[in-house]
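Here's what Swiss-Prot has on this protein:
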BINDING   N48, D80, S101, K102, G111, Q112, Q113, G114, I115, G116, A117, A118, K581  ATP binding site
Amino acid sequence: MVGFMGDELFKEFKEHSVAEFFRKNKHMLGYSGKIRSLTTIIHELVTNSLDACEEAGILPDIKVEIEKLGADHYKVAVEDNGPGIPLEFIPKVFGKMLAGSKMHRFIQSRGQQGIGAAGVLLFSQITTGKPLKIITSTGDGNIYEVEVKMNVEKNEGEIVSKKVRKGKWRGTRVEGEFKEVSYNRGEFGPFEYLRRISLATPHAKIVLKDPYGEVVFDRVVNELPKKPEEMKPHPYGLTTDELLYIARKTKSKKVSSMLVSELSRVTTKRIKELINYMLRDLILKKFKDSVFWNMVVSCYLNIDIESYLNKFKDYITDDEIETVRMLIKNLPESLDELKRYALKYITMEYLFNKLSEEEINKLKNHFKKIPENFMEWAEKNYLSATVVDELNKKVKNIVKNPEEFIAEIKNKGLISDEELKKFEDEVKSILNKNPKELTWDEAEMIVNCLQSMEFMAPPTTGLRPIGAENIEKSLKELLQPDFVKAITRNPKTYKGGIPFAVEVAIAYGGNAGRQGDEGRRMEIMRFANHVPLLYDASACGLTKAVKSINWKRYGLRGEDAPITVFVNLISTFIPYTSAGKQAVACSENENEEIYNEIRHALMICGRELEKYLSRIRREAEEEKKRKYVMKYARIFAEALANILNKPVDEIEEKVVKLLE
């Protein structure tokens, strides 16, 4: 009966394509809400156009057309002057999920997954049933007009119609109809998105034609930014799974050459160093649960305990000192008992660093006796977890330097030359094997050893900032502020080896800030790799970093000020909070390197703003005083004229000049 039920259940078992998954979960692609869905469409098509133009070395000219066809029904067209798309790639670009030119590259880019354009087609198809119309040419004299639909079950694009005509034009135009969308020029729609992306791409010209008219976001820089270089993964950001993935894809014939060619900061010299680390870990792995491991620990433990005996001699008895020294002489047989004393001294050291002299004296008698169960004693003092951590740290320090560790255990006769040679051969065999034969345990050991070594931070050639000067030009063009200050911080790393950089700017006065019921208030513009983040502001670490600043210190009334704060995070990997990619995960406790960089940059800009506001207030105060004095200049001149017996007008003229 049970077997029959199992057969029945699995009759409904089916495989599903990634396109089918997103058809049922379109909100994960940003298609949730009428305005947000239309903004997502514009975002995907515009960023694709920008990326194509920049990769081809072309200054982007982008046209966006939004036409209302009916209630919640719009036609959208995005046209660029980019390199065009070869005919054979059109079905893959627009009709296949997870197909693209970015996901496999370790480089800063606006998008990576290869979902965006295909997601636009999928949304058009499930809301109107209509294909996307693609007009494109690579400049070879042939202009293709193609209609593409998606076979959702197969996750493949299909050309349903094709026309070819001759003409001199190069670029791509995408047209589509969409329902369940809405448009306005509010702060969370396509207009605001284009307004902000024009700030982050000052070298692009974007023309928007919508139901309200035409708006031109002109370029303010006539030079393309330098292309970011593709980077290699850094050892500190490497995982076992990633190393095995690299091993499957590499063209290298040996693991050692793969590490040099595929990873950043790994050289042939560092491979020799890696051999010692792997040798250390292999020895420890083989003997960690044996008497050998206890003997290894004892080599170092006796030195530590001697230092503790001298340090805490006022808190332990002479008999205890003698007992400990006898135990050391009788190693390794007495190691288990000696460990109990070692744990006591580690705990004492921890307490001495934490407690006051008075509290230590109260515990003095407690120190002078060894309880039956020392861990129980520590637990009563709420220190068991900390004590174990301290002990683990000491064990790690014991084997921190692999060369010293190997030399020490060899000198003490804990390992023979034959045994050591056997381990060395095993390490060399791992590094000399074909990468495709690498096992999980071997890859895990390599990753752990690499992350125990010291490496320079990864190169930052894969990052491409907008540049402080360009940000200031864009903000001046868009907001006409009274004051603007931008800064691009030097690149740093987070999570051990992922490079990132932060750019921030403050614009004050003019059209800065957002209009509220009681005047202009602070406006926060968030960007990730130059792409505007319009939604989920309260959940975003960039917002939290801005709000953590005490703006009153810089002469503002908190957030009730006409100020626009610009924050752009650039990285080869942006730590988004979710698949929607609208909020960045960073705070005081998570990816704090990013959070702190934003704060530091904002404080630098804030100090410049404070100087500006102080000068303005000082000038205003001086002007007020001058006007006050000028008010009485005539009276003063009349009195002085009587004394000097000179014309009043002549005296007044000189007084005014003096005041000016």
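Positions of Cβ are set from backbone N, Cα and C atoms, glycine also.
Sorting the binding-site residues I115, A117 by the number of other Cβ atoms within 10 Å puts A117 first. Neighbour count (other Cβ atoms within 10 Å of the Cβ, all protein chains): 24 for N48 (ATP binding site). In this structure, A117 (ATP binding site) is part of a helix by DSSP.
There are 21 other Cβ atoms within 10 Å of the Cβ belonging to K581 (ATP binding site).
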